[in-house]
Amino acid sequence: MDLSAMPKAFSDHHSWYLATLASVLDNSELSSTTATSSSTSKLIYSYTHVMKGFAASLSPSELEALKSSPGYLSSFRDLPVKADTTHSPQFLGLNSNAGAWPMSNYGQDVIIGVIDTGIWPESKSFNDDGMPEIPLRWKGECDGGAQFNSSLCNKKLIGARFFNKGLIAKNPNVTKTISNSTRDTDGHGTHTSSTATGNHVEGASFFGYAPGTARGTAPRARVAMYKALWDEGGIVSDIIAAIDQACTDGVDVISISLGLDGVPLYEDPIAIATFAAMEKGIFVSTSSGNRGPFNATLHNGVPWVLTVAAGTLDRHFGGIVTLGNGASVKGSSLYPGNSSSNQTAIVFMGACDNLKELMKIGKKIVLCQDKNGSLSDQLYNVNQANVAAGVFITSITDLEFYIQSPFPAIVLNPKNGETVKDYIKINSQPEAKLEFRKTTLRTKPAPSVTTYSSRGPSPSCPFVLKPDIMAPGALVLASWPPNVPVAVVDSQPLFSNFNLLSGTSMSCPHAAGVAALIKAVHPEWSPAAIRSAMMTTSDIMDNTYGPIKDIARGDIPASPLAMGAGHINPNKAINPGLIYDAKSEEYVNLLCALNFSREQIRTITQSASYNCSTSSLDLNYPSFIAFFNANVSNLDSKTTQEFHRTVTNVGQGKSTYVASVTPMKGVQVSVMPDKLVFKEKNENQGFKLSIEGPRRLTDLVVFGFLSWVDTAGKHVVRSPIVATRISSDLLPHS
């Protein structure tokens, strides 16, 4: 409200707000006394300092009337600020009022099988409060074992099995240390499974960071753990056995946060085992790997699974440096120890590159300045020097792995760092104190592609654009075994029921959870249909309404080789309008076109009843990648690559879609026909997309998007397009 507009008749702003509210109440026949009491009940807060205005509970018509009141400036809906999670379901737009959660009943009765390091069944994330009886179709079991009684399973955790025969066969000595049960002794599996399906747990946090109610993406889905990764290692045969058992048991979705690098499809256990899963209608979500930011580094680039990249969340973890003069500056920190209550001497030590000098400091706070990318060395030196704490000034913005320090440390940007430096310069006895455990939500920009997220093209199958999609993977909060250390402070291990982890291992189960939500609404959809729904409805803009950025490449717009089709949007994916479906025969045609031998193809398909008469690299996929990498001297010579696609109308019966293509530097993209008219639901329509360009592209990678826009305004079905001259030497087939 504009306080200058307050009539002089009012003694204070509070009474003015009450009168303003009374004037806009729906029932205009209320007496003035009743109106005043009603407006008092409508008023939630009257603000004095943080803003000039108030919070009130209003009907839409009352809000519209308020907008015409004298002094009105602006209004916005009161949104929850309590961090839910990981906060990642909230960041994904999931809420109880509308969209994917209520439509799918939170993924109820969809069964997610997780291939991982095991599970901590006592975690509150796996309690079965409010869960109905286990679906009769479930054939799985809860295997007992060392420190794992089969009675630990319930209506939430409905299956637990372990697989280590291959590992033991390869290394018989592991029998001395291996624990024969599904219990998680690492933490990874507990984290990923609770990310996908964890039940509501109030009061979750990592030592006060990321506080709130933890819940998985599909909190009413069931979970079955298949332990195939061990402290002693993991082996292909055990992975295949785990996936095989999951298919037998009757899971609907499989989440696999692991992979092998540098293996062809016919030697990749995930590719082989998941082909059978796909044929059974089981959706498989996989992690793309953590070898970014270099191109062609991803694994699980398998055409019949979802390959998930990792993005950031709109959340910042930090601390506060309060100087002796009362001034304070904010920085980044994930130090899990306690804040300092007393002021401590602080000294500026430049680049902090002289360990001997640092060791003479004693119990003071050391301020270091990074001018040449030496932050990692500075953190190491200050830790070794055994000082009271460290404050670090750097222009580096990608701080995810720097702020998890074993000693009290806060990282400042250059502007805030100068404030501290200036204070030290002009004070003979400068002091400071550090506060930790500060969490800020709705930070911008977000999401961005993380540096470590592996990039496409897929070395094992470059003709299908990978990764497929991006999901939250940076510092995700999820459940953790209480006996596995999460940090070390003062040489002492710290323990917690929740932990913050980063990687595509964390983004993969987010996508598995979203697949469960879609499966609950559309149980008849194929894995390809579910994947298409996720990809074509994903977001390509961040929360600043600009293109999603790539942190590793100086925050330029992220290429689909980094983020896939975009950032996953569960609420839109429930109702995509059109889907690109694919059957197993089409994947076989692709394998034939990759020039695999009959034996190699059969290794994957488990069947000899196929023929390669219709081999084609042109899979009916919701993305496009074209290689313009010929070794030619005449750069002006042109070539055209064509892609044929079929889309199925899963929206309204009668609908019309018009094609829209973003311009791409150096190539021309055309679509025929550029209008698709559907007369009924489940009708198919085909189109051809052509990319004309030089035989050798000037730029390494250019990209754009094809959007089929519903003329009724209900759907935009978007697919990424990549043209690249990445060398054929990286690729198995040219």
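Here the Cβ of each residue, glycine as well, is placed from N, Cα and C on the backbone.
Remember, predicted model here, so these are calculated numbers, not experimental data.
The local packing around Asp116 (active site, charge relay system), expressed as other Cβ atoms within 10 Å of its Cβ over all shown chains, amounts to 28. The active site, charge relay system feature in TrEMBL is assigned to Asp116 (among others).
According to TrEMBL, the feature active site, charge relay system maps to His188 (among others). Taking all protein chains in view, 22 other C-beta atoms sit within 10 angstroms of the C-beta of His188 (active site, charge relay system).
Long-range Cβ neighbours of Ser505 (active site, charge relay system) (same chain, at least 6 residues apart, Cβ-Cβ under 8 Å): His188, His191, Thr192, Ser257, Leu258, Ser287, Asn290, Gly473. Annotation comment: TrEMBL describes Ser505 (among others) as active site, charge relay system.
The feature domain 'Inhibitor I9' is assigned by TrEMBL to 4-83.
The domain 'Peptidase S8/S53' annotation in TrEMBL covers 107-544.
The domain 'Subtilisin-like protease fibronectin type-III' annotation in TrEMBL covers 618-722.
Proximity of distant same-chain residues to the region 'Disordered' (177-199), defined by a Cβ-Cβ separation under 8 Å and at least 6 residues beyond the stretch ends, is recorded for 86, 88, 107, 112, 114, 116-121, 123-129, 131, 143-148, 156, 160-162, 164, 167-168, 214-223, 225, 227, 229-232, 255, 257, 476, 478-481, 484, 486, 499, 501, 505-506, 508-510, 512-513, 516. The annotation region 'Disordered' is assigned in TrEMBL to 177-199.
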